[in-house]
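First up is the structure itself, then whatever we jot down about it.
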Amino acid sequence: MKILLTKWSAIAKDSINRAAIVAKFLCLLHVTNTYIFSPTLVYGPSMLPTLNLTGDVLLSEYVSHRLGKVGPGDVVLVQSPENPRKMITKRVVGMEGEVVSFLVDPGHSDRSRTVVVPKGHVWIQGDNIYASNDSRNFGPIPYGLIQGKVLCRVWPLDGFGSL
């Protein structure tokens with residue numbers, strides 16, 4: 001009986017140790033995916049021709065925007081100002097204090113408008129001006145809505161690399 005109890009005790013200790021290793025790994029995976037970087041699936045026409053209509057997998061990092069390292073030309077993940085449950089991918093065109101000129105209705109007229117980006121805001125636009133809902137529609141967005149910065153495309157493989 002004592003030998004049987006000793007064997008079960010050793011098995012239980014080993015099981016607990018393995019479970020602890022798995023739990024540590026899952027915690028590390030969660031922290032990495034939430035606060036450092038993660039793959040992101042993006043699709044839609046607003047970033048054509050840079051991103052595919054049918055979808056790309058991008059590697060996005062979540063540190064730069066917290067350190068103020070986002071600038072014009074960067075492709076960013078933004079919490080939609082119109083629907084907070086939705087994440088959108090756009091390019092930063094202007095930072096606070098910069099003057100931005102844009103076509104009001106590019107499909108129907110050449111009328112342009114110029115705005116100064118207010119303090120604490122950025123101006124974002126999709127690369128496809130004909131099919132993008134962006135700052136031209138809802139104005140400059142608060143810097144706090146930026147959730148991440150795109151590092152590179154990882155899928156499809158023929159498009160692998162920086163944007």
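Note: Cβ is positioned from N, Cα and C throughout, glycine not excepted.
Positions annotated as active site by TrEMBL: SER46, LYS90. The domain 'Peptidase S26' feature in TrEMBL is assigned to 21-102, 113-155.
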The number of other Cβ atoms within 10 Å of the Cβ of LYS90 (active site), counted over all protein chains shown, is 25
Going by DSSP, how much of the domain 'Peptidase S26' (113-155) is helix, how much is strand and how much is coil, in residues? 7 helix, 21 strand, 15 coil
Spatial neighbours of the domain 'Peptidase S26' (113-155) not adjacent in sequence (6+ beyond its ends, CB under 8 Å) are 37, 39-40, 45-51, 56-62, 64-65, 69-70, 74-79, 81-82, 87-104, 106-107, 161-163
